[in-house]
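Colleague: So TrEMBL says this about it:
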- 20-44: transmembrane segment (TRANSMEM)
- 35-292: domain 'G-protein coupled receptors family 1 profile' (DOMAIN)
- 56-80: transmembrane segment (TRANSMEM)
- 92-113: transmembrane segment (TRANSMEM)
- 134-154: transmembrane segment (TRANSMEM)
- 183-206: transmembrane segment (TRANSMEM)
- 244-266: transmembrane segment (TRANSMEM)
- 278-296: transmembrane segment (TRANSMEM)
Amino acid sequence: MVNDTTFDYLNEFYGNSAKPYAICVLIILLLAFIGNIFFITLTLTTKCLRKNVANWFLLGFSLSDLVQCTAHLFNAYALYNGSVDSRQLCTVAGLLVVSTGTCNFGFPALIAADRYYKISTVPQSKGLSIGRAIFTEGATIPLMVGWFFLSVLLNLPLMLNDAWGEDPAGFCGTKKFTSVPLLISYECTVILVFVGSMIITAIYYYRLVAWLKQQEASRRRRRSNICNNDVVDYTSGVMRVVKIFTLIPICTMTPTAILTAGQMILPVMPMWINRLLIAPYFFSSVTNPWLTIALIGQFRVRFLELASNAKAVYPKTIDRLKSRSNTVRRI
């Protein structure tokens, strides 16, 4: 039996703001599903995009977004249908949300590191490079699968201590912590992955900036070993994508991380305010696929081709329908 404080907390969690927030999440997730399914379909059905190994981490990131959105569907369902007397839904949703979120946080760093080690003209180091050994073409898919399972295993202490449930931030994640060691375990996994990914992404981003400056200097001096323009353009596009993939989560996901990780020291706020603060969390999942298409030339060209074909087919379809309509009227 829960004490009065716990009952009040749970009563507020499943209170008046739960169902409106669940509906809002559902609408945002629908937009995220549309964008990511379109991006995945575009990549897999276009031969030049599918065969370019450099695109696989971008595809993996979109798949990760899709998996996380699926987890948050359970979150929305649990918030809408759960109650103080029916908390099992939120427990399952919390496990899915935190595990898939941990996996999703790591992908910008993987994309930046992969691009850096895929560029053949980056000077080779004299010693053994662990990064080059890891980010080979044949290791791309095993690396993504391995990262997913590792992100799940990182949350093992939370799994073993029944930590999933009603998060103080207002969603189904981790229960309100009453144990400092368990809170530290959470901060050393989920929060550390979030912050660590941002740091690693920044490191490889500035390495790529240095590489691009080197290529620009080579162009100006008209050296014979100038890198292929396609490689430079693709790398510039990936850098822009990685930069945005990093900056948007810093703005949209930081409130959620602060509310959860700092719950023992932060003042208690009404649940509706917490949910208002974390509402932008899903913004990156909605925008990521479209930003990738807009900023990376290969994807942008293919999208414009499809749009152009659609524009060419649409007027013909309308004319055909008008012709059929006129024929019916004559009859």
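Placed from the backbone N, Cα and C atoms, the Cβ positions cover glycine too.
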Colleague: Could you tell me whether the transmembrane segment (278-296) and the transmembrane segment (92-113) have 3+ CB pairs under 8 A, leaving out pairs under 6 positions apart?
Modeller: no
Colleague: Under 8 Å between C-beta atoms and at least six residues away from its ends: which parts of the chain pack against the transmembrane segment (56-80)?
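Modeller: Contacts of the transmembrane segment (56-80) (Cβ under 8 Å, skipping residues fewer than 6 from its ends): 14, 18-19, 21-23, 25-26, 29, 32-33, 36-37, 39-40, 43-44, 89-90, 92-94, 96-97, 99-101, 103-104, 107-108, 110-111, 114, 140-141, 144, 148, 171-172, 238, 241, 245, 282, 284-285, 288-289, 292, 296.
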Colleague: Limited to the domain 'G-protein coupled receptors family 1 profile' (35-292), I'd like the whole-number average of pLDDT.
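Modeller: A mean pLDDT of 83 is what the predicted model shows over the domain 'G-protein coupled receptors family 1 profile' (35-292).
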